[in-house]
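Q: The structure follows.
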Amino acid sequence: MLSHLLPLTLVQAHLVPAKKAGPFKLFLFLFVLSTETIRSMAQGLLEVERKFVPGPGMEERLQELGGTLEHQITFRDTYYDTPELNLMRSDHWLRQREGSGWELKCPGAVGVSGTHTKYLELTSDPAIVACLCEVLGAEGLGHGGIDAVVGSLGLQEVASFVTKRSAWKLVFSGSDEDEPLLRVDLDTADFGYAVGEVEAVVREEAEVPSALEKIQSLSNMLGVPAQERAPAKLIVYLQRFRPQDYQRLLQAELQREATGD
C-alpha cells in the first residue's frame, strides 16, 4: 500500500476515473469502496480528502478561518497479521477499531480503472472471513466468525495504538450556499505522531477538481506546504517500534511497483 508505506501527500477520491484525475498528477488518489460509500454513490456523493502533518496552532488557525469544532473522540485501532506479515505484504490490512468492529482493506476496487491505487474496504464479517481465507489459502476455515478465524489462521497483533481526534467543519471563503462544507480531522496517536485530513463531499464527479482546489487552498491558508508528505499512523508506528517489519513491507511495496502489480 503505497499510501501507507511511502510518505506522500494523499488525496482521496471515491470513483474518480483516470481521465478526470489527469490534471492532478502530483497527487496519489486512493479509491476506497465501503458499504457506506456504496450508499453514497447511489445518492451521487463523492468524498475527496488530503492528508497533512498539522503544525502548532492549527486549531487556533481553524478558529480564525471560521471553523467550528464538531466533536472530539478517542478510539483504539489494533492491526492483525501473520508472523510473516502475509496480509500486509500482499497489500491487505486487517484492523479492529474499538467500538466499531473489524475492517479489511484490500486492493482492487470494482469499477475503477486506471493506474491508481485502488482499495476495497470490507466491513461485514462474512466478506472479511472469505477474503482472509482466500488470501491465506485456508478456504476450509471460512465458517466461523472473525474472532474464531483470526485464531485459526494464526493471526496476531502487529500494532495497537490510541488516537485522539478533533473533528472540525468550516465553509470555504467565497463558497456558494449549495457547495459543501470542508471538514478537517486532526488526529494524535498515543505514540506522539499527529496527522490531519482536509475533506470535502460533493455530489458529482465534475465537482471533484473544484473540491481539490478548495482543499488545496484551505491547506495553504492553514500553512500546509504544497508538497508536504504525511505517512499513515500505522506505518509510522511500525517504522518506530517494529523497524524490521517496516523494512519488509517497504521491500514488498517496492517489488510490487517494479513488477507493476
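Note that Cβ sites are derived from N, Cα and C of the backbone, with glycine treated the same way.
Summarising the annotation, TrEMBL assigns Mg(2+) binding site to GLU47, GLU49, ASP185, GLU197, GLU199. Marked as substrate binding site by TrEMBL: LYS51, ARG95, ARG97, LYS105, ARG165, GLU197, LYS233. The domain 'CYTH' annotation in TrEMBL covers 45-241.
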Q: Rounded to a whole number, how many Å is the Cα of GLU199 (Mg(2+) binding site) away from the Cα of LYS51 (substrate binding site)?
A: 9
Q: Where the record says LYS51, ARG95, ARG97, LYS105, ARG165, GLU197, LYS233 bind substrate, what is the longest distance in Å from one Cα to another among those residues?
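A: That value is 21 Å for the farthest Cα pair.
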Q: Since the record lists GLU49, GLU197 as binding-site residues, which of them has the fewest other Cβ atoms within 10 Å of its Cβ?
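A: Counting other Cβ atoms within 10 Å of each of the binding-site residues GLU49, GLU197 gives the minimum at GLU197.
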Q: I'd like to know which of the binding-site residues LYS51, ARG95, ARG97, LYS105 has the most other Cβ atoms within 10 Å of its Cβ.
A: LYS51
Q: From the Cα of GLU197 (Mg(2+) binding site) across to the Cα of LYS51 (substrate binding site), what is the distance in angstrom?
A: 4
Q: May I ask for the distance between ASP185 (Mg(2+) binding site) and ARG95 (substrate binding site), taken between their Cα atoms and rounded to an integer number of Å?
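A: So the alpha carbons of ASP185 (Mg(2+) binding site) and ARG95 (substrate binding site) sit roughly 20 Å from each other.
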Q: Express the distance between the Cα positions of GLU197 (Mg(2+) binding site) and LYS233 (substrate binding site) as a whole number of Å.
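A: Per the Cα atoms, GLU197 (Mg(2+) binding site) and LYS233 (substrate binding site) stand 12 Å apart.
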